[in-house]
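Participant: Copied straight from TrEMBL:
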type     : residues : note
DOMAIN   : 75-173   : domain 'Autophagy-related protein 16'
COMPBIAS : 169-196  : compositional bias 'Basic and acidic residues'
REGION   : 169-287  : region 'Disordered'
COMPBIAS : 202-211  : compositional bias 'Acidic residues'
COMPBIAS : 219-230  : compositional bias 'Polar residues'
COMPBIAS : 247-258  : compositional bias 'Polar residues'
REPEAT   : 302-343  : repeat 'WD'
REPEAT   : 346-387  : repeat 'WD'
REPEAT   : 496-527  : repeat 'WD'
REPEAT   : 529-563  : repeat 'WD'
């Protein structure tokens, strides 16, 4: 305890000494400290003022910068406002475009849905068509195989048929030759018997007595050859060129034929004119073509038949017009003052008429029909005289059957040659004496018709390649070709014709227009389109050159002229 008290005493003593020193030394330094404190206060105040000034200066600078920034900011704000307005406009425009695009998208989506539906329908239809195509392909393959077999069978049948027809033709030709020999033998026998009979002498007949010099000059010494009967008052004229019907008439005895005994030439002519009751007045005199007039007007349009009209032909005298149609009739019309007046009808055909031909005198009419037959009528009494059918196995003297290898669409003939137009595009030339083909001319289309000019030196042909051609019969080559824009051959039996003097060609088209070409210039001369309403089947030019007649697939016929 005493130690602690000592310790506390010296500490108190130290404190008192320090307080004493502080009182003594404070007085000397109190004023300095006071001034120092004031200086420190002033210094602090200066620092404060300096800081305040710095702060104010900084604030002024900041205000200036802030003012500049604010102006820039306002300018920028204005620009931004302008940009905002522009952007607003763009946004509005874009919104309008977006609305339009959305509408287009909606429409396109609708169209796409429709197209998808259509595509689905088309895929289903395509699949159906594919199935049908596969089925049809299978059926086609089967039918093709069947067709091939049928074609082979047909070829075999055609070959056999041609062989049988050739045998039948040879048999028919042999029978014709036998019949011809029998008739010749019979005729020779009748002539021999007639030569043995005494010949009565008519006092009115002229008698020509042969002189002895004439008898010696000829080497004839028999008294029976010294005199002969001759009609001195008549001079026989050469007959006109024989046509197709004249040749057929001779075959069937419809005209001149040899009779037992001697018959004068004028008596033969009278008998030919009066065959089967035809009168001499009914025979037409072929009219000479003085002037061919190119038609320009339809004088008379009339209903010729009940149905299609296939053929038309003028008589040699141009007085009668004959038409043939699918109603199985041949109708005769009398041409009077530019009109066709009905004169009569020829019946007896079992099918539609396809072709018509008069003989050179206009007394007989030949018509071919679709029943594979040809028939001959007398014009004055409308009686059917002869019917020739390929189905009937009739044998006539002077007939010979030949097969051309292709169906024949038309035929014309001269004295020594027959020309036929065929389905295989060929024109065949047959020698009557050799009874065989001497030349073939192939064209570009199926032959529909043939026609000869007045002097029989040129052949006119029409074919399905829509060309009309003139063939020179002296060189058997195509000399001239006619065509025109719009001209079209209407059928496999379209008939074309020469004018009587051979200077023009007339042909009917599938559009019902009649085309006329000039042979000398080779150019189209005239087209006549007012009269027909359907395809023209046949055209005929009157021998007088004044009229042209045309018939159509309808029921109408048209008489044309330039009057």
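Yeah, the Cβs are placed from backbone N, Cα and C, and that goes for glycine too.
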Participant: May I ask for the residues of the chain that lie six or more residues beyond the repeat 'WD' (302-343) and have a Cβ under 8 Å from a Cβ within it?
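Facilitator: Those are 284-287, 349-358, 360-362, 365, 367, 369, 377, 379, 382, 493, 495, 537-544, 546-547, 549-557, 559, 561, 563, in sequence order.
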Participant: Could you break down the residues of the repeat 'WD' (529-563) into DSSP helix, strand and coil, giving a count for each?
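Facilitator: Each residue of the repeat 'WD' (529-563) counted once, the result is 0 helix, 17 strand, 18 coil.
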Participant: By DSSP assignment, list the helix, strand and coil residue numbers for the compositional bias 'Basic and acidic residues' (169-196), in that order.
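Facilitator: Helix (H, G, I), strand (E, B), coil: 28 helix, 0 strand, 0 coil.
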